[in-house]
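Asker: Dropping the structure in here first, questions after.
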Amino acid sequence: MGKNVVVLGTQWGDEGKGKIVDLLTEQAKYVVRYQGGHNAGHTLVIDGDKTVLHLIPSGILRDNVKCIIGNGVVLAPDALMTEINMLKERGVPVEERLLISEACPLILPFHCALDIAREKARGNNAIGTTGRGIGPAYEDKVSRRGLRVGDLFDAELFAVKLKEVMAYHNFMLTEYYKCEAVDYEETLKDALAIADYLKSMCTDVSELLDQARKAGEPILFEGAQGTLLDIDHGTYPFVTSSNTTAGGVATGSGFGPRHLDYVLGIMKAYTTRVGAGPFPTELKNEIGDYLGTKGHEFGATTGRKRRPGWLDIVAMKRAVQINSVSGFCLTKLDVLDGLEEVKICVGYQYPDGTVATTTPLAAEGYEKVTPVLETMPGWSESTFGATSVEQLPQAALNYIKRLEELLETPIDIISTGPDRNETMILVNPFS
């Protein structure tokens, strides 16, 4: 029987999920996105050629792999078409490989307008959203007024539903935020223009995945963002609007949770965060600049500079707990090359001197803590491009071993560069 594997980020996103998903899809028949939207940014480097995907699953570059956008993904038709056209220009037969759930909520222009207006109104308290309408689209979903992909296939009914929801949102835009209204006729025309094209790729995702499972075909579920951005378990309110954790697989694709075999947590060898929000181990010094520059820490979606810091074991333990992480993939180990010493956060100290080994449940709690750091010797040798453990310096091996001890979870994959082949798979999640 084939295995069903989840690949997800265990930090604040940007851990290197895209490369690992692309690598593992060699053994998968299906790759499924189950949450988020085009706020994700998954970078693939194959033989030096870089491809950045925001919405379409990272398996799209593989022959004989079906890529699925599940019902938990909020779908912007214009963003999808941009990505499809980019891939088709590169010779990728997208229509043969991509399938979409009719239950995906639609992101429409008024969602983006609302997102931007709200961030502007928050001023110094801005959350740091991508401004791509993700949050407002999820709001419409849970308030049961949202439009879904399947609604596009009845033009008359779609027009009525769109008019109702736009009347509500345009009122908010003009009267509360003092912004311009979004044009109804233009929104309707643009949405219906691609209805038939989308319909040709729609399917019952839950049924398809269940049949694939019964046939023993391996399925890979691709997470977006990271555990610490989860709407429920992240640094609320500085979070995304979906469940980025393993539990989101079942709700976001209709796949039975008992059929998941392995959860691979992607963990950078240090930590980064993009946008606002608490970050106990943040380095606002020359070491932080070194990590940011060497690690090319700029968001694949927004281009924003990421905030670097030491690896936070307290947060990682929470990620292991929430996701039932089977094993880790450690990425960007090579970025630590050249540092005299490396540090790991092993606890959070509060003003009264007590030390916690669990994370607060909201952003406010993080303001009170300072990281308790454990120092280890660094290494001067290069780990870049290493493809076997024997090529790693002893200090790097000691660092990896210490992480495994602290997390009580094995590191099964080590990534030492952006390309597919700059990876060592110690334990294959599909084996």
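In case you wondered, yes, glycine gets a Cβ from its N, Cα and C as well.
Note that the structure is a prediction, hence the values are computed from the model and not measured.
Swiss-Prot lists these features:
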BINDING   13-19, 41-43, R306, 332-334, 415-417  GTP binding site
BINDING   D14, G41  Mg(2+) binding site
BINDING   D14, E15, G16, K17, N39, A40, G41, H42, T130, R144, Q225, T240, R304  IMP binding site
ACT_SITE  D14  active site, proton acceptor
ACT_SITE  H42  active site, proton donor
BINDING   A300, T301, T302, G303, R304, K305, R306  substrate binding site
Asker: Between K305 (substrate binding site) and D14 (Mg(2+) binding site), how many Å separate their Cα atoms?
Answerer: 12
Asker: Could you check the recorded positions K19, H42, R306 and say which one's CB has the fewest neighbouring CB atoms inside 10 Å?
Answerer: R306
Asker: Look up H42 (active site, proton donor) in the DSSP assignment and reduce it to helix, strand or coil.
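Answerer: SS state of H42 (active site, proton donor) = strand.
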Asker: Have a look around G303 (substrate binding site) and count the other CB atoms within 10 A of its CB, chains all included.
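Answerer: Its Cβ has 9 other Cβ atoms within 10 Å.
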Asker: By a simple count, how many Cβ atoms lie within 10 Å of the Cβ of T43 (GTP binding site), its own Cβ left out?
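Answerer: Here the count is 18.
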Asker: Which residue, out of the binding-site residues G13, G16, G41, shows the minimum number of other Cβ atoms inside 10 Å of its Cβ in this structure?
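Answerer: G16, out of the binding-site residues G13, G16, G41, has the fewest neighbouring Cβ atoms within 10 Å.
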Asker: Using a 10 Å radius around its CB, how many other CB atoms surround K305 (substrate binding site)?
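Answerer: Summing over all protein chains shown, K305 (substrate binding site) has 12 other Cβ atoms within 10 Å.
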Asker: Taking DSSP three-state, what's R304 (IMP binding site) in: helix, strand or coil?
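Answerer: Once the DSSP labels are grouped into three classes, R304 (IMP binding site) ends up as coil.
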Asker: Do me a favour and check the Cα-Cα span between T43 (GTP binding site) and D14 (Mg(2+) binding site); whole Å is fine.
Answerer: 9
